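Residues or ranges marked as domain 'P-type ATPase N-terminal' in TrEMBL: 127-183. TrEMBL lists 180-199, 391-410, 416-436, 858-880, 886-906, 936-956, 962-983, 990-1010, 1016-1042 with the feature transmembrane segment. If you look up TrEMBL, you'll see 507-545 marked as region 'Disordered'. Sequence annotations record features per position, and here TrEMBL assigns domain 'P-type ATPase C-terminal' to 824-1051.
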Amino acid sequence: MADQIPLYPVRSAAAAAHRKRAAYYSAAGPGSGAEWPSSRYQLEDESAHLDEMPLMMSEEGFENDESDYHTLPRARTARRRRGLERFVCGGWKLLCTSCCDWLVNICQRKRELKARTVWLGCPEKCEEKHPRNSIKNQKYNIFTFIPGVLYEQFKFFLNLYFLVVSCSQFVPALKIGYLYTYWAPLGFVLAVTIMREAIDEFRRFQRDKEVNSQLYSKLTVRESKNSIGHGISEDVRKSSGLFYCGPLAPRGSGGSQSWQKRPLHSASSCFIRTDQLDGETDWKLKVAVSCTQRLPALGDLFSISAYVYAQKPQLDIHSFEGTFTREDSDPPIHESLSIENTLWANTIVASGTVIGVVIYTGKETRSVMNTSNPKNKVGLLDLELNQLTKALFVALVALSVVMVTLQGFVGPWYRSLFRFLLLFSYIIPISLRVNLDMGKAAYGWMIMKDESIPGTVVRTSTIPEELGRLVYLLTDKTGTLTQNEMVFKRLHLGTVSYGADTMDEIQGHLRNPCPQMQSQAGGNNASSTPPRKAQSSAPKVRKSVSSRVHEAVKAIALCHNVSPVYESRAGVGGEAEYAEADQDFSDGNRTYQAASPDEVALVQWTESVGLTLVSRDLGSVQLRTPSGQIQTYCILQMFPFTSESKRMGVIVRDESTAEITFYMKGADVAMSSIVQYNDWLEEEIWMLTGDKLETATCIAKSSHLVSRTQDIHIFRPVTNRGEAHLELNAFRRKHDCALVISGDSLEVCLKYYEHELAELACQCPAVVCCRCSPTQKARIAKLLQHHTGKRTCAVGDGGNDVSMIQAADCGIGIEGKEGRQASLAADFSVTQFRHIGRLLMVHGRSSYKRSAALGQFVMHRGLIISTMQAVFSSVFYFASVPLYQGFLMVGYATIYTMFPVFSLVLDQDVKPETAMLYPELYKDLTKGRSLSFKTFLVWVLISIYQGGILMYGALLLFESEFVHVLAISFTALILTELLMVALTIRTWHWLMAVAEVLSLGCYVASLAFLNEYFDVAFITTVTFVWKVSAITMVSCLPLYVLKYLKRKLSPPSYTKLTS
């Protein structure tokens, strides 16, 4: 009943108790709903007042009529707007949202997903048309590419401002410079962006074409023929559907190889790999419909009247509901279908051959429904610079209005206002975007050339600074934190223990035939139960070490779900028709398949010591002893491993002795009460049992995500709102503990208590989510972004991680055993998980700090010249006349200052080794102190000071001609910028010194060709030199002094580590 009790906000204890009693009586009987017709509270899980439900302090408040019904602070208080503000803001937002949703629905025309009936071999009976089974990961098409790319660029204020300023120069009355000075930088940025997007789109097109052009085998009435389909609608590996086993297999079912695998068991089952769908590398057993196995030949599938009824397409990859019906039998056969009868898209037939019926195609497959569309990611640094650009624009407008006001609004003042806007437009330098994009390209090149992280690829060159701003790291487990490789290291038999250096002793015991024990009463209390006929009143005798070794190894070789597979080359045309006698049964051609890698590790170990698994089907197992003898065991009953029992078992009968034995193995928590007491049971040993929740917990501890001494709260399974409410309250009482939660419980909590769960989870040092679907992974990433506003990073190596990688602010893919799908979809690709540390701590940190310094310095370069323009206009009666024209402005933004400013991308405050040794240095970056309104204001004050000194100094020191003012002020400006670059640099690189000398040399050399702007005779005099030197000294020396005092009195954190 708890899930039906509504929870209300409480204003007083009495009111709370009254409402609790009312809720209780309302839920007491089936007719209670009629007794409260005027109640505003409805007993529904989908309550309209779900947001107002508080979490209680104790579970007793749910059951008892207590007066202390306390509420806890909610994760996020919904402050609802009232009155006119709510009407205007909320109404306008609702109207815009509704219109946008309506337009999207009209354009996309999404059809309703429905259940479907698919007839065998009769596609003409299908009433509905299903989507084409082609994959499309492209963001644009031939018509939307240019508009889409331009929209993504000009939706930012910075680029839109540049576009408006550049277009204004086509108006003669507003023209103040050459067109190329405005359009060249903007065109360069657009050209680079369009080329980058075009290359990315072409690569996506090639990948889609490769997948959509794969071969498939189609079973027809007359024959099996191979063809290349326009899509992959009949590719058994790539489409989801029911399957029937037979001798025909899809070409290349194991990938691009020409070999096929066939198990040595009956044709009613096969093994598939689902690593690209759910990230699990273990092979899963799939079974066929039983009634089709009685057909004598494949062609008889077309002679029966049968159909499959399947549920509508859903996101859940772990469940399926459907029925198989055969109408031509008397009576009709109805067989239920489950997840064991399906092959989802993006799964691979690892062993066996299948004939299937395609049920879901294209956008309706599980893999596509769990994959989100790729988005254009924008770095936090770019967003912050965009905000600073808006602040600069406000300052630009204010300064222009002040100038027009002081001018007295004479004449066509609006024209003067617009000209002032253009004169001061260098406040927002058009070269900012160029420098930042070139810096991003440089960071990407440095990452890929780093020999410490070989194989790293930068696939998204627009967000390298994001690597230095990450707060939450979301990582996959299998293949990412672990390589999923199991090795058998030790066998413990009571008082005897065998390790890697004593395995030869086990081989010696197995080579010696074990004497038949007349009395089985002693049994193997650690792994087996003696046969019934051996149980007698004979006295118990202690087994020899040799007999215990024999029984232990035999128990490991029999108690599992492993099947040996022998590879055989495919026949002509890709068919799998081959005789069993043609197979190669040698040891070198044998591989093992199982539902988990630890099972394979056990069987591989028994093979290494001499007892080899050579054959297995659903009814028998064959072992080969070191002497070459074949032992056959009949499987009487299998007890598969489950999360509840935490163990598995098998009952076998030895065909040579007719002895029946029950073998069982499992987790230590399940076996400790069954096996004989041993000292190792008290030791802290972490075992991978196959139980997904326990495995996740063990991996979290072994990878030091959770310390050994830290408490772990395992979130109990919940199915409704009431259970989730109670469990969240129980978890809230815990402090400083890690959270382990399953995907099913997570889904319930996200449905009813999304923000409460986010608040509690964000307070945990670590969170482990097991059995999560791809959609849930992406939703968690979005929840953290929305709830905390912090930057998230997702790491994965499988196709099931693509949605999470694309949803996170920064996605990192690992090239592993699960393929390259995650690597290709990620922003950064690495070959090993340990490379992520250097990628974040060194390259991420350096990229962010360098871009922050570069962006602020470029803005300083624009602010200082705009300040000089303002002083110049003020002195000369607020005239809207440019101070510097033509090539002077072009040279100032390019060859005179560009190389030294851009050399800031080589700067570093600490060495890479220090950054890796002290992670605290990375944590400081999350506060965003390198680029903030505070640091920006400091640069604004510096620009105003230096611009005023340069302009007023030149006006005070010039003697006769105005052209001397230009020469003195511009030369001092260039020298000031070069000295400011030197002041900003923390660690000198030889390229920085070259850039400084080269820029200064270019300016000195160009003075001989600037007769139009400078008086060559004047600039060669001593008077020019001392005036320029004096002005430059006054503008830069105080800043050097302040920097020295600051480093002495308040040194940055990294200086303490390097000293």
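Yeah, the Cβs are placed from backbone N, Cα and C, and that goes for glycine too.
Since we're looking at a predicted model, the values are computed, not measured.
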Intrachain residues whose Cβ lies under 8 Å of the transmembrane segment (886-906), provided they are six or more past its termini: 177-178, 180-181, 185, 426, 429-431, 435, 438-439, 442-443, 850-851, 853-854, 857-858, 861, 865, 970, 973-974, 977-978, 981, 984-985, 989, 991-992, 995-996, 998-999, 1002-1003, 1006, 1010, 1012-1013
Same-chain residues near the transmembrane segment (391-410), Cβ under 8 Å, at least 6 residues beyond its ends: 157, 161, 416-417, 420-421, 424-425, 427-428, 859, 863, 866, 870, 873-874, 877-878, 880, 933, 936
Mean of pLDDT values spanning the domain 'P-type ATPase N-terminal' (127-183): 81
Helix-strand-coil residue split for the domain 'P-type ATPase N-terminal' (127-183), DSSP-based: 29 helix, 0 strand, 28 coil
